[in-house]
Amino acid sequence: MASSHPPLTWQHSAEPTNPTIASTLPDEVVTCLQNARFLHLATCTSNTPHVSLMNYTYLPSHPFASSTQLPPPSSPSILMTSNPSSKKTSNLLSNPQVSLLVHDWVSTRPPNVERDRSPEGRPGGGQGRSSLASMLMQMNSTAVSSISATINGTAIVLDPGSEEEKWCREQHLANNTFQESEQDAGGFGASLERVESGDGGRASYVSGEDVKVVVVRIRDGRISDWKGGVSEFRLREGSGGETEGERMVNGVVGGS
């Protein structure tokens, strides 16, 4: 009979876990944001949740200190773009409170026992695992895979044509311009439609005139590791990881 008690590695994460309060994000969250390809955006309206897979750009701090739309202006932020007629854009306009999920797990679903059985019930009847799937599974068993981070914040859809919107759009476009091999994987955001020019969909999901630029100011979050451990963090009011004269995108100092 299975034990009614959870493994010792599990934590009771339904209640607050004495969050770490700091001016910057935890190092492991920053590393994850710098390296992950996509994140999941959760929005909600009328008590109905909606989750989208998104391209994104991480800003350790927001350079528009004069912005009054969403204080504190210098806090770490996430940039995204969204189709103006999409469900997520509608949700953001009616409820700006969002959660993001980003992780460094490199995984693919392994074949299960039943799927691998032949019609006669003998093991081995399924198709062999692809080399890519095998490689990903091997990577997932190493230190490459360690955490997932849930990040909570407030989103704002920037006014089209504003200086802030133009700057954010440029940063997001530059951060999501990849070499040809990466472009072939396509992109998510304002549109999943592949463009014929071979630009990885950037013309659709970032450069399009109607595409909305979204900034999420990070407030707090939770880190879960592969062992079941949970820790929480919270940013101080007015937090910012940028020094005078520096602008940083995904942790790299850019031009002032």
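Every residue gets a Cβ built from N, Cα and C, even glycine.
Whatever TrEMBL says is automated annotation, not expert-curated.
Within the listed segments 1-22, 177-198, TrEMBL records region 'Disordered' for the stretch 1-22.
Cβ atoms under 8 Å from those of the compositional bias 'Polar residues' (78-92) belong to residues 33, 39, 41, 43-45, 50, 52, 54-59, 98, 100, 151, 153, 155, 157, 168-169, 171-172, 175, 189-191, 205-206, 210-216, 218 of the same chain, restricted to positions at least 6 beyond its ends. Under DSSP, the residues of the compositional bias 'Polar residues' (78-92) split into helix, strand and coil as follows: 6 helix, 5 strand, 4 coil. Regional average pLDDT for the domain 'Pyridoxamine 5'-phosphate oxidase N-terminal' (25-176) in the model is 81.
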